[in-house]
């Protein structure tokens, strides 16, 4: 019998909705829920092992979010038509689900737990990541897994001053703010945001608006769990052996507090002292007493945390002696590596990032595939955290989820100030290698990334700095900490990262380890972060105030031209043969867009000019009124076909071959001859040419100048392929524009013509052997004897006639 699912719907401000359904699919999972937003559908499941995992002191939670291409009605690309490893988007969304739910499991719960969210259907309007977070919350709520939820998640946009809940893709592109807010009915537990220099008040207003919508989600999930949810498992409360902790404090409390004083000891020395104290305590315990050793480890860590929290909340003192709003010492250097396109070292306290920028072309952009199709990404920021940065030994493997998450945050912070692609067509890759770490390494990556991009000459709208804020809260008493170090991050209640310019916020990330925080605490934290951000920006401006005006000599230069869209095929050639030939001949990179925009990139200026000229020759179009040096490709009874541009033929009708009437085209022309022709008309792909018009113009010109030896005729620029040299394109390039061809001034001086024969010259007399000389020149025939290269024309040496003294006689001189 078909099961009847339980369905509940949330109605949001603005008319959008989110529906939850349970009891129909994946019923053997301990908890499952279907979440719908528009036509986007996500299935979320939750399962936990019955028995706790032995020998661990952490909660073994795994979260996986997957976007299958079938959700968008697509096949996976490539040879293997099956989804493979998770994409970056899937990993980041998995983290967005993990981070808010992890603190809400009861302390002491050690059963392996797995949450899986699968995108089953995806429309082109609604991002399913919101459904994934809400689905995970609903699946846990209706399961028997102990969970102190539910949570709700909404994305908030800001368009023309109005907050919008769960904006569509189109709305997000127009939004000043893109903020994911996750919380319980009581408070906010996670924030993930990108923004275009939003103010602190705009951010807080969006968060408060989002929390109002979250309360609606939590109410619906709670009602659903109450109606169809399973009975929760019982978890034995963690008992605190207070006498044991007090005894440990009395015995080593003072020594441990001294060892944790990083104002007195550097981080490495402090950690060594802390480890030494613990080792001495272990020596007092029998080696085979595992229970006692385990208990010592647990309470030793509790004592460390308690000492830290008491120092901050009661003594108003940080471990390194700084004031709550004080930033560690900063030193900065740019242009540190000779061959990179841009580089910077940003050091803040014991955290150091070496950040490099590499500029590339369209071919270097990241190609991404998802259910919505394929896309390109021109800006990438990759964050690396080698083990030596914290003095440890470990295998070097691929980037983990933490590294991907930190890189994405820094990337989002800098994306807001990048120039638009039409003004800056480069692909950009920023790599942050953390060389030292004691907290806030992702924020050091943002600062170093901004410096590195400016060192590379990327015209950023403004420099960006990032700062990490912390919170220690005991009851109503709390302290907000600026520029938190590693211990403050580990033992504190909040990790609040804020990045931005002098004008506003570009990225935000907040994780809360407690039940939630109030809007007032958030306002104070944002204001304190703003002051810290401005301080860091001042330090950065002391080193480099604006992007460099000159690119590195090793960076590629972009040259752009616009070609007709119907010429794209000619440029690419069959199987890419033509464009590959240009690349192989010049070493440049070429990117052709569907609009006809061609980007040529090379660090060698001469190679780029050569490639541009080759492209211009291949894609040039015939212009009415212009004269071209063409090659006869085929003869017919009614005329000749002349290639005036590569791949472009025009018809030279028999009536336009000469000024006099001819009976047979072969009397004047042969295949392979080069002739000067003028374009009379262009009708689609049909081009009408005239040689007669060129001859008339030349004769008139010579007559005006007094006939005879009127001096050498001016040369006409031409390309290697016979097309006019130089190209005209959007923006221009140093090769210059196409020279205008003056009427009556064709080029008679072509030395590199195929077959080593001269250009066909205009006639003053006839081509017949019996024709005598006329004014301005003899009537040499279509002779094959001499080259006829005298200034002003020169005789061709005919079959029976003779060339005039200064005339333009001579037909096909083929000497």
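Glycine is treated like the rest: Cβ placed from N, Cα and C.
Taken verbatim from Swiss-Prot:
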type: BINDING; residues: 489, 495; note: Mg(2+) binding site
type: DOMAIN; residues: 556-615; note: domain 'KH'
type: DOMAIN; residues: 625-692; note: domain 'S1 motif'
type: REGION; residues: 700-815; note: region 'Disordered'
type: COMPBIAS; residues: 723-734; note: compositional bias 'Gly residues'
type: COMPBIAS; residues: 775-815; note: compositional bias 'Gly residues'
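Between the candidate binding-site residues, 489, 495, the densest Cβ environment within 10 Å is the one around 495. DSSP assigns residue 495 (Mg(2+) binding site) to a strand.
Across the range of the domain 'S1 motif' (625-692), the DSSP-based residue counts are 7 helix, 38 strand, 23 coil.
In the three-state DSSP scheme, residue 489 (Mg(2+) binding site) is classed as helix.
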